[in-house]
Amino acid sequence: MEAIVALAFAFLVFPFSSPAQALSSNCYDHTCPQLESIVRSAVQKAMSNDKTVPAALLRMHFHDCFIRGCDASVLLNSKGKNKAEKDGPPNISLHAFYVIDNAKKALESKCPGIVSCADILALAARDAVAMSGGPSWEVPKGRKDGRISLASETRQLPAPTFNISQLKQNFAQRGLSIKDLVALSGGHTLGFSHCSSFQNRIHNFNATLDVDPTMNPSFASKLRSVCPAHNKVKNAGSPLDSSNLIFDNAYYKLLLQGNSIFSSDQALLTTPKTKALVSKFANSQKAFEKAFVESMIKMSSLAGGQEIRLDCRVVR
């Protein structure tokens with residue numbers, strides 16, 4: 001959920017509704033029975049070469065679903081004067097698109113024109129979590145791919161600088177609850193953030209304080225050493241939690257200790273309801289995993305596109 005800028009909600013948010021797109025767990029049982037094994041194999045192969053792939057796929061799916069629903073519009077390339085979602089500021093650091101391309105290519109050879117890119121991405125995100133030690137779940141399938149991808153619409157993504165009111169509103173606009181907000185934030189157990197997304201907390205926090213006072217001082221000091229005020233190192237940053245290659249509940253434990261990266265993470269402690277959920281998930285990996293699976297299924301069911309693309313990156 002890393003982003004680069006904080007933005008207001010004055011932008012058009014497209015309505016999503018899952019019933020508009022009837023999804024089914026057995027959608028491809030007869031038309032493409034090898035689907036899940038082919039996607040799993042593509043994710044596994046990529047992971048063996050690059051340990052950052054799981055976080056990349058999970059984030060890619062989230063960013064896809066939050067704009068126009070889960071329609072694989074995040075995969076489309078910019079063309080001519082149209083700048084696509086993947087080239088919008090919050091998505092510049094998305095990577096591992098090749099995993100979806102490889103899975104799509106293999107599927108087109110086995111069952112051409114059957115499986116949507118949106119379904120491949122939803123399955124890949126699930127497999128990324130499961131292969132990182134997290135839960136697995138039955139992914140409802142039958143999504144369609146979208147034809148529209150606009151960089152300007154990435155302003156609708158929740159930014160790492162958002163406060164709790166902004167976060168709640170952003171999720172509610174997509175039919176997602178406060179529990180979904182806290183559970184899906186747990187996806188930050190995987191991954192890495194560049195300095196630009198948390199600079200606001202460790203330098204010039206406000207008129208009187210340089211550092212966010214809610215941060216653990218030693219943790220803030222560590223971040224400041226990695227990300228100095230005028231950082232010139234392009235890839236400088238920090239893992240999102242202490243076990244950032246393993247899907248666990250460490251994110252919530254660190255949050256309660258003042259060791260969170262984003263303002264939007266810290267924001268979860270600013271209301272009694274969200275803080276209670278953070279504590280619950282910090283105390284129980286099982287409770288977190290159950291809530292995460294439920295929220296992922298809900299988010300990944302946001303209605304999206306209209307067709308099955310033969311090439312995930314191009315609209316024909």
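Placed from the backbone N, Cα and C atoms, the Cβ positions cover glycine too.
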Just confirming the record: what cysteine out of C32, C65, C70, C117 does TrEMBL connect to C111 via a disulfide?
C32
Pick out which of C70, C117, C195 TrEMBL lists as the disulfide partner of C312.
C117
Which residue in the list C70, C195 does TrEMBL annotate as forming a disulfide bond with C227?
C195
Have a look at TrEMBL and say which candidate in C27, C70 forms the disulphide with C65.
C70
Cβ atoms near T189 (Ca(2+) 2 binding site) (within 10 Å, other residues, all chains):
28
Taking Cα atoms as reference points, which of the binding-site residues G69, D71, E85, H188, D248 is nearest to R59 (site 'Transition state stabilizer')?
H188
Looking only at Cβ atoms, how many others are within 10 Å of the one on C117 (disulfide bond)?
30
Overall pLDDT of the domain 'Plant heme peroxidase family profile' (22-316), taken as the mean:
96
Spatially closest candidate among H63, G69, D71, D248, the listed recorded positions, to C195 (disulfide bond) (Cα to Cα):
H63
On a C-alpha basis, identify the one among C32, H63, C65, H188, D248 that is nearest to D71 (Ca(2+) 1 binding site); the candidates are the recorded positions.
C65
Between the binding-site residues D64, G69, S73, E85, which lies closest to T189 (Ca(2+) 2 binding site), Cα to Cα?
D64
